[in-house]
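What Swiss-Prot lists as domain 'PET' is 92-199. Here Swiss-Prot flags 133-164 as region 'Disordered'. Summarising the annotation, Swiss-Prot assigns compositional bias 'Basic and acidic residues' to 155-164. Sequence annotations record features per position, and here Swiss-Prot assigns domain 'LIM zinc-binding 1' to 234-297 based on sequence analysis. Among the features that Swiss-Prot reports, domain 'LIM zinc-binding 2' is placed at 299-359, with the record citing sequence analysis. For 362-421, the entry in Swiss-Prot reads domain 'LIM zinc-binding 3', with the evidence type sequence analysis.
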């Protein structure tokens, strides 16, 4: 398929999850409706991951595509119908007998993802070392956490041009080259092992305290208990605390055989979140999630959340923007050359600010223009004018004067306050 055909085929999947309730806004949101180029709901401005959208198949397709043409093809399977790679995530089901007064019942726990190791006891131990609220048990807070992190850490629009908004053929080609490069140079999947198993791993290397390396000659010099003691000295590359013998650890091949992590320490160095499904990107001695690795390589548009492959883009408020996406967050009008106000780190045009966000003057009860001076006390504001900031009793101008605030009213003296009480 040529580039022109790829561009024509692009879409954002606007029907997916349509009408799903927002878990954050509840009844305030009319239901999920994807904005035509932002990755948010048009109704409540929350992301798709904040809505009750069933994404398991879509997420499995996304991760499957990420692993395509990599050494991790054992983690994917291609559907017979369309050849689309699907992520073969490992689901773990545990059954625990529960003693009751008269009989024994079976309690079943399903983990929506578990490390793909043959030893289920090791996988179970790995899960127990994660914070409870981050264990991906089906129907739990942890499962919801995993769902959000899949969306946040591995955006589909960071690897698939068809998920982006109106890329040019040149941008499509650049993105494909970028994805190919990070797959070959940075992408990896953690492996759960017992620390002692690392003694036999690597090209004539063994792990010593503090992550130092020792050659086989040094190993050969060790004898008896001394050698065994040395082999049990492992420290976490993240927290630097020791690894307990028998506890599972995570090994990242791109980081090298001299580095191990506690399960709860295998996190992105930028956002400090657990690396979802142990999928990592390695750069300059640090672990990253997909999003923050890409952020370290390319500018990201604060409007559409996509990486910028164009040579021309704008910078405003310490953020990057496609030229066509530096728009009002409320009405989508382009802001180039226009007055705007930042509201929760989002640019809003002056008319929308006055209509939707401006504070109301306690004096005249009109919205206060963003360019006009105002007086603010607690949650109350006034135009800083002789017509508005007045004593609520005698109408004396209070600009530059002492005043007594009482529930949205202001007084110039105790006497005026008593007269209004």
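Glycine is no exception: its Cβ is also placed from the backbone N, Cα and C atoms.
Counting residues per DSSP class in helix, strand and coil order gives 17 helix, 18 strand, 29 coil for the domain 'LIM zinc-binding 1' (234-297). Regional average pLDDT for the domain 'LIM zinc-binding 3' (362-421) in the model is 90. In the domain 'LIM zinc-binding 3' (362-421), the DSSP tally of helix, strand and coil residues is 7 helix, 17 strand, 36 coil.
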